[in-house]
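As structure tokens, the structure follows; a few thoughts come after it.
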Amino acid sequence: MILMVIELLSVFIALLACFYASYSDIKRGIIPNRLTFPVIGLGLLLNGARALMESDPWIFIYTAIFTAGIFALGYILWRMVAWAGGDVKLFTAVTSLLPFQPSLVSYSFLGTAFPVTASYPFPLTVIINSILALLPFLLVYVFFIIYTSRRHLMDEFMEPLRQYRTSMVLALVITSAVTLTFLITDFLPFQIIVLSLILVYLLTMVISRLPPRIKAVIVSVIIVYSLYKNFELTVSGVVILWVSITVIQLIRKLLTSITREALQDTMGVDELKEGMILASTLYRKGDEYYFDDSSLLDRFRTAARTGDVSALTYRGEPVVSAMAAGLREEEIETLRDLVSRGKIKDEFRIRRGMPFAPAIFIGLLVSLLIGDLAMILFRLFDIIF
């Protein structure tokens, strides 16, 4: 009975902490240390008490190991500018409270037992679910910013809808490639899904690169044949592909150029404040200062194009980083000095800190009630393929 109370109390505190952290992150842009540090201590205390009551020291040992491990992982991601410090400490707090999957709910749906558990520790399930929950939250958040303060980005966002003809042509080309793939694989002594997918991709690329008139004739002939063989499947397939292509293009727009513009502001050095996050790191090479936000893939492309591999290993000496912790007062003074000396322009791209705590809260709820979303997706893929 007491063990159940400890488990219920741990879940309640974790949910309450994540809820308050979400409110604070949205309202003030921070997750306060006065929340996370006491919760970490309380989690270790509760699991220590549980270990004593069950006469199993490994409960506390695993709790300490998982808590330290999640903090170390979070610290690495913080150094990589993926997470803010408050996010790291909130994940650590949840881990100290819930190092193992709580057995609060248990039900079955369509022959599957829920919540679905994974072979790895429960805190990793919370992290994975939080990351997956971030995508819909990011879409809603960015769209809200566009609608309220960046209306000029709406035209760019709606561009895929205006290109509905291009999307329809691509849907017809893919349908033609799928039809040809089925015809070809019927003559093969074996059926391999990966081979079929590769063949669909290659045929789509080949047909897309044909001259317009030849492409129109080939696609028309194949589509007519496909309609003759299975009218309903062909029509529904084309419509689903068309809608899917449009939705993917909308999401791609929202997550690339639109997000970059919506979640960044341009400011002068006198407008900079402590805690603001630069969009890119400031580097120095010799007497030259420059901002560089290129990814590793971008640098690989540049190296392949120019033959200069030095950019892969050395971009210069970091002067002011784009860490998620934000600018410090001394870094602002460094930027002010460089501007006054004419070394850099008085123009800085500042990232709006997107609150991650709500995604952590949603990820925790999903983990408790539904289970590991990654495992569910893997099972769905096994069923489909």
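Just so it is clear, glycine is given a Cβ too, placed from its N, Cα and C backbone atoms.
Database features, via Swiss-Prot:
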- 1-21: transmembrane segment (TRANSMEM)
- 29-49: transmembrane segment (TRANSMEM)
- 58-78: transmembrane segment (TRANSMEM)
- 80-100: transmembrane segment (TRANSMEM)
- 104-124: transmembrane segment (TRANSMEM)
- 126-146: transmembrane segment (TRANSMEM)
- 166-186: transmembrane segment (TRANSMEM)
- 187-207: transmembrane segment (TRANSMEM)
- 231-251: transmembrane segment (TRANSMEM)
- 358-378: transmembrane segment (TRANSMEM)
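Long-range contacts of the transmembrane segment (126-146) within the same chain, counting only residues at least 6 positions beyond its ends with a Cβ under 8 Å from a Cβ of the stretch, are 70, 73, 91, 94-95, 98, 153-154, 157, 251, 254-255, 258-259, 262-263, 352, 354-356, 358-360, 362-364, 366-367, 372-374. Remark: the transmembrane segment (80-100) makes no contact with the transmembrane segment (231-251), by the rule of 3 or more CB pairs under 8 A. Residues 31, 35-36, 39, 42-43, 46-47, 49-50, 53-54, 86, 90, 93-94, 97-98, 102-104, 357, 360-361, 364-365, 368 of the same chain, all 6+ positions outside the transmembrane segment (1-21), place their C-beta atoms under 8 angstroms from a C-beta of that stretch. Using the rule of three or more Cβ pairs under 8 Å, pairs at least 6 apart in sequence, the transmembrane segment (104-124) is in contact with the transmembrane segment (358-378). Counting same-chain residues at least six beyond the ends of the transmembrane segment (358-378), those with a Cβ under 8 angstroms from any Cβ of the stretch are 11, 14-15, 18-19, 21-22, 25-26, 87, 90-91, 94, 101-102, 104-105, 114-118, 122, 125-134, 137. Panel annotation: around the transmembrane segment (231-251), residues 139, 157, 160-161, 163-164, 167-168, 170-172, 174-175, 178, 223 of the same chain, lying at least six beyond its termini, place a Cβ under 8 Å from a Cβ of the stretch. Remote same-chain residues near the transmembrane segment (166-186) are listed as 160, 195-196, 199-201, 203-204, 207-208, 215, 218-219, 222-223, 225-226, 234, 237-239, 241-242, 245-246, 249 (criterion: CB distance under 8 Å, separation of at least six residues from the stretch ends).
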